[in-house]
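Now, the feature entries from TrEMBL:
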- 1-263: domain 'G-protein coupled receptors family 1 profile' (DOMAIN)
- 6-26: transmembrane segment (TRANSMEM)
- 93-113: transmembrane segment (TRANSMEM)
- 147-171: transmembrane segment (TRANSMEM)
- 210-234: transmembrane segment (TRANSMEM)
- 246-270: transmembrane segment (TRANSMEM)
Amino acid sequence: MLVSLTGLAIWDIVLLIAAMWHHSLWATLHYMGLRDEPWASEIVRVHALMECGHITSTWMLIEVTAERFIAVTRPFQFAPVHRKQRRKSYARVVGGLIRIPLIMTLVACIICLPCTGEYKLEPCMYKGIESEQMLETPLMQNTFYQILYRTAFLSIVKTFGPFIIITFLTVSTLKSMRQSMDSRASILIAQGQNHLFQADKDKTKSLQAISIMLLGKFLFFRCLPTAMATIQMIPFGNTANFLPLYLSHFFLLFNSATNSFVFVVVKSAFETRRLKRIRQRHRELVAQHAEQVLSIGKALAGDKLLLISEVEFENQSSEEDTFEMQPMMPSAITSNPV
């Protein structure tokens, strides 16, 4: 899972940098007077990179969710087989670990090839100043391209398909986790190990919270851009108002920016809280055992003192009885004969 999380973090960073470059960097530099033109040729090329990062990060999130599902439902599936195997080279091991992320990246690049021809720069005049303006190409203005590729295909690849897969994996993971914990809880309660039962209960709650957080975040922050793109295809849609579209892009980037935060920071916070509770229960258990040992020691000490008193009393009684039963010996009288 470490490789998948690393790949997810890398592609989220690529997506954020490309989005900053595409949406605001050159316009901000132009507004601050650091650059004469608000657009540059790099923006046209970065648009395809942004779409590629969007798709790849989404499917990397699916891979992480699938690995969590396998770790919960089939924990011994990838256990090493106890047989003599040929030693693999370091390059082969690394290649096996990064194979799936590389395949996802290659497929995403192929899917995003049409995005390279969606925008272009055209010379224009604004207040007597010659400049360049970023405009949509005839490919982007094609209705069939917008409906079939931008709205239908990319919506399935980036939003609806991943949402269905992540929902299925999340529900299956939580269901399997609960069944496993219920079986384990019955065993622990029967053995009287309530502290382990409470620790497993906290672990289940943290897993449920993280899974629900990821699913809800994906539903709200990723489905909204798709809804905005669909509304733009409706003839009576108000396409002149770009605020909902800008908000949808912001939510999309916010979702990508918080993926690693949830997996690393929030999970670490839940784990720290769970370990703190375990240590607290352990201290309470040790204190309870100490009180039990102390009470047992006091009871044993009281019994020992009582036993010593009874033994001393019996010894004293036996000495008195012996003294009373001892016969009186007559005193010897010696007389001198006259």
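Just so it is clear, glycine is given a Cβ too, placed from its N, Cα and C backbone atoms.
Only pairs six or more apart in sequence are counted, and the transmembrane segment (6-26) with the transmembrane segment (246-270) gives three or more Cβ pairs under 8 Å, enough to call it a contact. Taken as a whole, the domain 'G-protein coupled receptors family 1 profile' (1-263) shows an average pLDDT of 77 in this prediction.
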